[in-house]
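The next block holds one structure in the form of structure tokens; read it before the comments.
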Amino acid sequence: MFSQVAPQTKVRNMTSAAETGMTGIIAAVFTPLTPEGEINLPVIEPYIDYLSKKQNVKSIFVNGTTGESMSLSVAERKALAEEWCLKAKGNMDQVVVHVGCMSLKDSQELAEHAAQIGADGIAVISPSFFKPSTADDLKEYLRQVAIKAPTVPFYYYHVPSVTGVKVPVRDLLHDIEKLIPSFKGVKFSGSDLMDFGQCVSHSRPHWSLVYGVDEQLISGLAMGATGAVGSTYNYIGSYMKEMMAAYESCDQLQARAIQFKLQELICFSMKIGFDLGVNKQLMSDVSGLDLGPPRLPLTRPTPEHAKAILQKYLSLFGYCPFA
Ligand SMILES: CC(=O)N[C@H](C=O)[C@@H](O)[C@H](O)[C@H](O)CO
Ligand SMILES: CC(=O)C(=O)O
């Protein structure tokens, strides 16, 4: 029953990092800011150290939703991508840089830059102010970004709850390599598991199909996800690695038990309010890294709010890894 997932994972594990694509547990990193709201590059080195040593997470997704990319300037995104790539060298297997923007020109500039700094992959979210209305329009947009970094593995980042772009990803994949030869897969952060399943069943063996709704990753694995990218893997990466290992060894009970713990945390947090500001604060509290506030219009949670969520985290996951 699980033979469709396991062999692919094993084959990928035997290849070099550059060839593996997006597999396993990948943390979508937060962007450290100073109390004044400026990017805080010196936190990046200890952040990578924390992920690799305390969370056993060896791949990162930079400047994504969690990284507040759409609230950052192009210059800030370049400086961040450079620092993440530099400090990840020798410590991380994969650094994928998100280069999606509202303007095609900005995305192209960031794609070119990501190629120059040696990113292992680039991902692009659909523009969402003016939205593409057809799969062909979206594909053409993606093509015009990808051609600026033709040798860098290219991933489409589907996040319909944020962008409102509902183009089925399965339609996008049709003949996509003819248009985008560097195409290597999808980061699928939607809950339409039929569309995700269709993507997997029509994917090529060298593509990565990573799932991005952390609280239902187990369902993504059932559909054949090659890995997972998410914000919560910053602070429960080691648990979710265990979850994936349990799933791959057919220990459904253990895999589900870990998944349910994450659901408890997310459900609790959603009841009292769970946005990027809250999520970022939880990571600061769990890791001991000072990631600072989110950028406006997002704000920090009150200390009581943050404390309630930290306590819930500790009651479920039992320890504060940095303490
Ligand atoms: C919309 C969004 O930001 N999704 C993230 C990644 O794609 C997830 O990692 C969520 O933050 C996570 O699943 C918690 O809901
Ligand atoms: C969660 C995720 O993948 C992102 O922050 O972009």
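Heads up, the Cβ atoms here are built off N, Cα and C, so glycines get one too.
Keep in mind that what you see is a predicted model, and the values were worked out from it rather than measured.
What TrEMBL records for Thr66, Val229 is pyruvate binding site. In the three-state DSSP scheme, Val229 (pyruvate binding site) falls into the strand class.
The active site, proton donor/acceptor annotation in TrEMBL covers Tyr157. Following the DSSP three-state reduction, the secondary structure of Tyr157 (active site, proton donor/acceptor) is strand.
Annotation source TrEMBL lists active site, schiff-base intermediate with substrate at Lys187. Within the same chain, residues at least six positions away from Lys187 (active site, schiff-base intermediate with substrate) with a Cβ under 8 Å of its Cβ are Met22, Phe61, Ala123, Tyr155, Tyr156, Tyr157, His158, Val210, Gly212, Val229.
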All-chain count of other Cβ atoms within 10 Å of Tyr157 (active site, proton donor/acceptor): 26
Val229 (pyruvate binding site) CB neighbourhood, other CB atoms within 10 A: 31
Other CB atoms within 10 A, centred on Thr66 (pyruvate binding site): 24
